[in-house]
DNA sequence: GAAAGTGCATGCGTATCCTGATTGTCGAGG
DNA sequence: CCTCGACAATCAGGATACGCATGCACTTTC
């Protein structure tokens, strides 16, 4: 885990740096807003500790610039000022947490842990097979990055196949998982939807295994010409 | 956005509830740990406000149980005690933010906003999708820069969709997050409000995915079908 | 008490699904 | 190598469930 500290008081900055390093973090320290902004824009950090009372550029300004640039690392804001209106401004400017000086180092570290945990918490569960991607959280499918519109049944079928990538899935298994309970077993709906999916995503995505069922293979895993 | 408050002091609890409701949240209120835990385990919340000093079961215990069950909504912890060791314990137990009593209601709401914003992966307090902008701080919505008047429910629905931009949101999910507990699940209210929002903002903002739900797309991110 | 907001019910139009028939492929055996 | 049977793919038309729009009654707000 890599942390950036932007803090103009050298004493406090150094003290924080060594505390965090003792806790296993890699720490970069910047003492003014301009330099700090540059580091945050160019390097990759898991979290940033930002002092509001900076010379030259205000901390809030720096934060706003990062957010405009699309930087979305979690930011913990430090300030000597203790009025709640400042807190509100900081939080609304895009800060994720707030700590008023003076503070206990233990508390800072605990909040940092919580921030990083949460930031990594919403990782999107994405299934990938070749040039097809299916995000189960958002329920959306892309082909070579281009979004593809699937109907409800098409999505269900593709989703099941991608969850069982590489495995041969029989028609009855598909019917059992896509439809509820009693459904006319001898109908060719599955074939119909396989056809439709192939039309939208390309024929190669779903392989037919004659007499057994279908299979969805990842070309990367099994390179074949 | 739907919030759960677990607070044993009835006066404070009610006061918080109405404050949040005035700010457009759907709020469930629980006055003891056991009931609160049950609600948090069974219903869908976007954030939880949890008092540590509860009768029967301790707040920290409740929080720990939720996290063990895999519940990962953001939790804001309240406590009368002001020692930092309690804060550390709370944060390590899985809390995402911390507020010591007494506090300003404005600060609570600001922190709540920040929590929800981060939980949905957004860095800025202003949500943008195409030519529609929604400022969560002021509760204003603009279309091509022109302010648009939305009713309370319309705003709630749009806000939820914008917090989950790109995701396909089912009708039940919308109902669960816009309304509190008891509400008739099978009604066409959602469709009605979708219609009304489309009338005000244009039909293109909300996409219908037949059989699955609705989705709010950013034209920049999704150029063509 | 007027005005605005909310939620339910109705009828309508259409995208989506399923069915059944037809056409197309594969593979074994002559 | 050709033929034939079995299985799979495709096509198109009708049925249906789904979502949309509108009107109306109830509630809330000022």
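Including glycine, each Cβ sits where the backbone N, Cα and C put it.
In TrEMBL, annotation is done automatically, which means it is predicted and not curated.
Not measured: the values here are computed from a predicted model.
As written in TrEMBL, here are the features:
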DNA_BIND  B:124-218  DNA-binding region
DOMAIN    B:2-116  domain 'Response regulatory'
DOMAIN    B:124-218  domain 'OmpR/PhoB-type'
MOD_RES   B:51  4-aspartylphosphate
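Proximity of the residue listed as '4-aspartylphosphate' to non-local residues of its own chain (separation of 6 or more, Cβ distance below 8 Å) is seen for B:6, B:7, B:8, B:9, B:59, B:77, B:78, B:79, given in sequence order. DSSP assigns the residue listed as '4-aspartylphosphate' to a strand. Per-residue confidence over the domain 'Response regulatory' (B:2-116) averages 85 (mean pLDDT, predicted model). Sorting the DNA-binding region (B:124-218) by DSSP state (H, G, I as helix; E, B as strand; all else coil) yields 36 helix, 25 strand, 34 coil. In the domain 'Response regulatory' (B:2-116), the DSSP tally of helix, strand and coil residues is 54 helix, 24 strand, 37 coil.
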